[in-house]
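Attaching a single structure in structure tokens format; questions to follow.
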């Protein structure tokens, strides 16, 4: 029977070989963490390679995602549908083994990692989801939600500021089933880290309220195993500090940055094989090593045992069992569509001139009663973002049965935690901050779009309309940057009806994130027919039309729709034929068929004006070079909102004059 070291060396060999064949990659971390991975995956991780979606599996996150050959080797050796040919295709076009682990490619990859610090933060979200689902569904004698979240991370993750945001919150909330392994190898790309990373990391995590196990030999299986056992027994999140040698087994490159991010080279790989006593050719794993690694039988047994537990739970608590299944499957309640449409129709029938952030809160109030899977939150701005509703109950360390997270001032952490919650399953997460401060969270929203996961962000105070707080808080280019992100659904509604439609579609959207952008100031509700209400879901529609073919089209979003309507009324009174198009979601409008888009924006009507209190340049694709844009071309100013709108040209007079110049 092969020794533990020999089993770990299988990871080292595959990692060296994969990087060498690709002629690029990172062999150092997989070789350094192979012993830890062997102990965790063979001795502790509850998973089933035949069903990577088993609901109560332990989650494993490789936060130092550049070491991707580690997880690909583990998945292959354990029996997942990841063949040796897939490993040979590492980093090649359309392979299941991209350079960094990507969710949705290889089975068993729980999240996309690579941007350092986000993996540990996703893991915090997964652990929060586990604790919340357990609090909501477990019953005495029925622990049907009961699993750990394990994460590997390196010095780079710990240097990234997001690790502070996430790990601080994890300690505050007492996430006892979160176990992190710090790959303390003292090396980063530039060399030895003591010149730029001399923190006392164990003390840092103790200050967060974590259980810290210091100075574990990352190449000693017994020490690693004892640390994991101690971690599992402690009610706090645990940091296991594993001292490792980067590139372990490479005689001339281990312990240096030379093995971090480049192939070892044929000569050094041969020397490493000799040093490790690994006598097999590239990509060749002996049968006895495969047999020891194979987790299919044990995994199927564990899942079968859990299925029996779930059947007993379902017999005792049929309603709860059906509800848990629905939520884990990502299904909406049976009456959702009918009730949601009725709510929207009622809003249209009962006009209210309110801020769209208030309209958003009203939508939460109406929809939230149907959605126990909501997991809301805000980055310390709940009274401003209006993200709490009557059914909101805050999560606390000793009571996780609620549905609202106080993230504190942690925009980036909040957004990446929400990605983890969404990936875990069982919840529809929404979070919030001022639109200006989505900048802090941008990369996590990009990751949500890349992974195609549901992450609903409420971004309020959407323009110079927030007024006196000034340009530090007034967004200008942010809406455009969200719209330019692939697979991002971005909504800027003009009233309570469009706001409710935006919320409904964000709740229904399971294949990507949604940015819902709301105003601080009150907005007038627009009259609509039932057909127009239905057309809101198309992202852009004719809100007010001319008699006969229009000679001018005004396109507007959010707070500027009201302005466009008033300008159109004045121009119409002066004999002009003017159409107003409300376009709350440009990406959604762009997905409509050509006939619909042509019906709304006829190509032979070239006199067009776009009006939005955001960066002007975005709108050229809709108005053309012959059109006009009334938008922002500079940062804002500190002043009352009405003065700012006048100063920057968002007035009926300016729209009317611009239209007349265009039509002249």
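A Cβ is built for glycine as well, from the same backbone N, Cα and C atoms used for every other residue.
Pasting the relevant annotations from Swiss-Prot:
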- 411: active site, proton donor (ACT_SITE)
- 26, 260, 357, 384, 461, 469, 520: substrate binding site (BINDING)
- 66, 114, 115, 116, 156, 185, 260, 437: thiamine diphosphate binding site (BINDING)
- 155, 185, 187: Mg(2+) binding site (BINDING)
- 26: site 'Important for catalytic activity' (SITE)
- 260: site 'Important for catalytic activity' (SITE)
For the recorded Mg(2+) site, enumerate neighbouring residues of the same chain (Cβ within 8 Å of the Cβ centroid of 155, 185, 187, site residues themselves excluded), in sequence order.
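Here the nearby residues are 154, 183, 184, 186, 188, 193, 244, 246.
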Out of the recorded positions 357, 411, 520, give me the one sitting nearest to residue 187 (Mg(2+) binding site) by CA distance.
411
How many whole Å apart are the CA atoms of residue 520 (substrate binding site) and residue 116 (thiamine diphosphate binding site)?
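Counting only the Cα atoms, the answer is 34 Å.
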Using all protein chains shown, find which of the binding-site residues 116, 187 scores highest when you count other CB atoms within 10 A of its CB.
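Checking each of 116, 187, the winner is 187.
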Helix, strand or coil for residue 26 (substrate binding site)? Use DSSP.
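SS state of residue 26 (substrate binding site) = coil.
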Given residue 437 (thiamine diphosphate binding site) and residue 411 (active site, proton donor), what distance in Å do their CA atoms have, once rounded to a whole number?
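So the alpha carbons of residue 437 (thiamine diphosphate binding site) and residue 411 (active site, proton donor) sit roughly 7 Å from each other.
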Should any of the binding-site residues 26, 66, 114, 185, 260, 461 have a Cα within 10 Å of the Cα of residue 155 (Mg(2+) binding site), which are they?
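Qualifying among 26, 66, 114, 185, 260, 461: 185.
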What's the most sparsely packed of the binding-site residues 26, 66, 260, 357, 520, counting other C-beta atoms within 10 A?
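Fewest other Cβ atoms within 10 Å, among the binding-site residues 26, 66, 260, 357, 520, is found for 520.
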About how far apart, in whole Å, are the alpha carbons (Cα) of residue 384 (substrate binding site) and residue 185 (thiamine diphosphate binding site)?
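Here the two Cα atoms lie 44 Å apart.
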How many Å separate the Cα atoms of residue 156 (thiamine diphosphate binding site) and residue 357 (substrate binding site)?
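Cα-Cα distance, residue 156 (thiamine diphosphate binding site) to residue 357 (substrate binding site): 38 Å.
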Nearest by CA distance to residue 461 (substrate binding site): which of the recorded positions is it, out of 66, 114, 115, 116, 411?
411
Including all protein chains shown, what's the count of other C-beta atoms within 10 A of the C-beta of the residue listed as 'active site, proton donor'?
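Result for the residue listed as 'active site, proton donor': 27 other Cβ atoms within 10 Å.
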With DSSP assignments reduced to helix, strand and coil, which class does residue 187 (Mg(2+) binding site) get?
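SS state of residue 187 (Mg(2+) binding site) = strand.
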Including all protein chains displayed, how many Cβ atoms other than that of residue 114 (thiamine diphosphate binding site) lie within 10 Å of its Cβ?
19
With DSSP assignments reduced to helix, strand and coil, which class does residue 384 (substrate binding site) get?
helix
If you measure from the Cα of residue 411 (active site, proton donor), which of the binding-site residues 66, 114, 260 is the nearest?
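Nearest listed residue in space: 114.
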Across the listed thiamine diphosphate-binding residues, 66, 114, 115, 116, 156, 185, 260, 437, what is the farthest Cα to Cα distance, given in whole Å?
35
